[in-house]
Amino acid sequence: MVLKKSVSILGSTGSIGTNTIDLIHRNPNKFRTVALTGNSNIQLLAEQARELNPEFVAVANEANYQSLKDALADTDIEVGAGENAIIEAALRDAEWVMASIVGSAGLAPTLKAIERGATIGLANKESLVCAGELMMQAVATHKATLLPVDSEHNAIFQVLDRQNAKAVDKIILTASGGPFRTFSIEDMCKVSPKEAVAHPNWSMGAKISVDSASMMNKGLELIEAYHLFPVDESQIDILVHPQSVVHSMVSYIDGSVLAQMGTPDMRTPIAYALAWPERMIAPSAKLDLSEIAQLNFEEPDPVRFPALRLAREALKFGKSAPAVLNAANEESVGAFLKEKIGFCDITAIVEEVLSRFDHQEITHIDDILATDKKARICALQAIEKRSR
Ligand code: NAD
Ligand code: MG
C-alpha cells in the first residue's frame, strides 16, 4: 500500500486553497488532510472540513468561532480561532503545507511550517517580499523544502539548472499586463474595482487581481524571484506576454532559453508542488499552440505602471523597504476595493509611504511585524488624505 501524503492548507477557502482541494478530491488515495484554515467564509470552510475530515480547522477571525464550531458540532474535528489557531494549524504534523493565505498575515504561519522542516507549497508571495532573507535562512536551517506555486516561479523552478547556477544569465518573468495593459493613464485612473478584478486570463482572489492590474503583482514577484533563485536583482527581467502561455523563462550564458508553458490554470503549478518530486495528472486544459497560433511579447511601460519601478527600488534598497512597500500596497488595494481611493492612488500612496519611511535593518520576524504595522498606519493616513 502506498502511504498517503499528509497535507494542510492555510487559506483553504481562497482561490488557491479551493484549487488545491479540487486536486486532492480527484486523488483521494494520495492525500490525507491534517488542517484547514479560513477567515470569513465559514460555510465553505465547514463544507471542506466535512469532506476532507481533517484533525483541526482554524478560522482567523475570532468572531466566526462559534458559527464554525456549530457547523462542525456533530464531528470530532477540533476547531480553533484567532491568529494563534492559524499558527497551530501550521504546526500540526503535515508533511506538506499549502501556504495560500493572502498578504503578510501569511508570514508567521508559513515560517512556523518552515521551522518544523515541512515541505511548503508557497503561494503567499507577500511573506517572501516582507521577510525573504529570514525565510530563506529558516528554510536552510530547518531543512525545509520551499516549492514555488506562483506560476512564474514554478516555471523557473522547473527549468532552472540548480547545479549550474553560474550558467544562468537571466531570469525572465512574464506578465500578462493585466486588464489595463493598453489603457491610457487617464482611463486607468478612472477604473472601478469591478474592472480591475476582471483579469483577462486568470481567475484569482480580489487582492492579487488588483495587483495584476497595477502590475504591483509583477513587482512583488520580482522580489519573490530574487529570494527564491540564485541571481542578482539585475539578472531578473520582466516581459509582458498577454496570452499567459509562457509562464517564465531562464536564459543561459550559451544563448539557450528554457521556458515552461501551459494553459493559464493554477492547478498545473499546484499539482507540480503537490506531487513533487513526482508528477500527477491535473485537469487543466491541454495547451494547443496551433489554436493559440500567436505568442506576443512587449516591454512593460514604466510610466503607466510605476509599481515595477517602486518594487525594484525597494528590493535594491533592502532593509525594511520591501515590507513597507507590501504593507502600503495591501492597505491601498483594500481602500481601492472599498472605493475609498482611485486606482492610480494605489501606487501613489505606496510611493509616498516608502519615501516617508526611515528604513530599518531586519534581523527578526518581530522587526517585520512592527514595520508592517507602522507602514499600514502611515498608509491609512495617506488614504484618508485622498479619500473621496
Ligand atoms: P483569496 O483572497 O482567494 O484567498 C485568501 C485566503 O486567505 C482565504 O482562505 C482567506 O480566508 C485567507 N485569509 C484572508 N485574510 C486572512 C487573515 N488575516 N488571516 C488568515 N487567513 C486569511 O486569495 P488567493 O487568490 O487564493 O491568493 C492567496 C495567495 O496566493 C496570495 O498571496 C496570492 O498572491 C497568491 N497567489 C495566488 C494566485 C491565484 O491564482 N489566485 C496565483 C499566484 C499566487
Ligand atoms: Mg504569478
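The backbone N, Cα and C atoms fix where each Cβ goes, and this holds for glycine too.
Curation does not apply to TrEMBL; its annotations are automatic.
Copied over from TrEMBL, here are the features:
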type    : residues                                             : note
DOMAIN  : 7-132                                                : domain '1-deoxy-D-xylulose 5-phosphate reductoisomerase N-terminal'
BINDING : T13, G14, S15, I16, N41, N124, E126, G205            : NADPH binding site
BINDING : K125, S151, E152, S176, H199, S212, N217, K218, E221 : 1-deoxy-D-xylulose 5-phosphate binding site
DOMAIN  : 146-229                                              : domain '1-deoxy-D-xylulose 5-phosphate reductoisomerase C-terminal'
BINDING : D150, E152, E221                                     : Mn(2+) binding site
DOMAIN  : 261-376                                              : domain 'DXP reductoisomerase C-terminal'
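Features per TrEMBL, on structure.
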residue	record	DSSP class
T13	NADPH binding site	coil
N41	NADPH binding site	coil
K125	1-deoxy-D-xylulose 5-phosphate binding site	helix
D150	Mn(2+) binding site	coil
E221	1-deoxy-D-xylulose 5-phosphate binding site	helix
> For E126 (NADPH binding site), which of these binding-site residues sit within 10 Å, Cα to Cα: D150, E152, H199, E221?
Replying inline: E221
> By a simple count of other Cβ atoms within 10 Å, which of G14, G205, the binding-site residues in the record, is least packed?
Replying inline: G205
> K125, E152, G205: which of these binding-site residues put a Cβ within less than 6 Å of any ligand 2 atom?
Replying inline: E152
> Are any of the binding-site residues E152, H199, N217, E221 near ligand 1, with a Cβ under 6 Å from it, and if so which?
Replying inline: none
> Counting each residue once, how many in the domain 'DXP reductoisomerase C-terminal' (261-376) are helix, strand and coil under DSSP?
Replying inline: 67 helix, 2 strand, 47 coil
> Just checking, which of K125, H199 (binding-site residues) has the fewest C-beta atoms within 10 Å of its C-beta?
Replying inline: H199
> Can you tell me how far the Cα of D150 (Mn(2+) binding site) sits from the Cα of I16 (NADPH binding site), in Å?
Replying inline: 10
> Looking at Cβ-Cβ distances, which residues of the chain lie under 8 angstroms from E152 (1-deoxy-D-xylulose 5-phosphate binding site) while being 6 or more apart from it?
Replying inline: L173, T174, E221, A225, H247, S248
>> If I restrict to non-local contacts, at least six residues apart, and a C-beta distance under 8 angstroms, what lies near N124 (NADPH binding site) in its own chain?
In response: L10, G11, A99, S100, I101, V102, G103, G106, L107, T110
>> Quick check: with D150, E152, E221 left out, which same-chain residues have Cβ atoms within 8 Å of the centroid of the Mn(2+) site Cβ atoms?
In response: K125, P148, S151, H153, N154, L173, N217, K218, E224, A225, S248
> Rounded to a whole number, how many Å is the Cα of G205 (NADPH binding site) away from the Cα of N217 (1-deoxy-D-xylulose 5-phosphate binding site)?
Replying inline: 12
>> For the C-alpha pair, I'd like the distance in angstrom between S15 (NADPH binding site) and N217 (1-deoxy-D-xylulose 5-phosphate binding site), rounded off.
In response: 16
> Which residues, sitting 6 or more apart from I16 (NADPH binding site) on the same chain, put a CB under 8 Å from its CB?
Replying inline: M98, S100, A123, V149, G205, M266, I270
> Just checking: which of T13, G14, N41 have a Cα that is within 10 Å of the Cα of K125 (1-deoxy-D-xylulose 5-phosphate binding site), counting only these binding-site residues?
Replying inline: none
> Relative to the Cβ of T13 (NADPH binding site), which residues of the same chain, six or more apart in sequence, are found under 8 Å away?
Replying inline: G38, N39, S40, N41, L44, L45, Q48
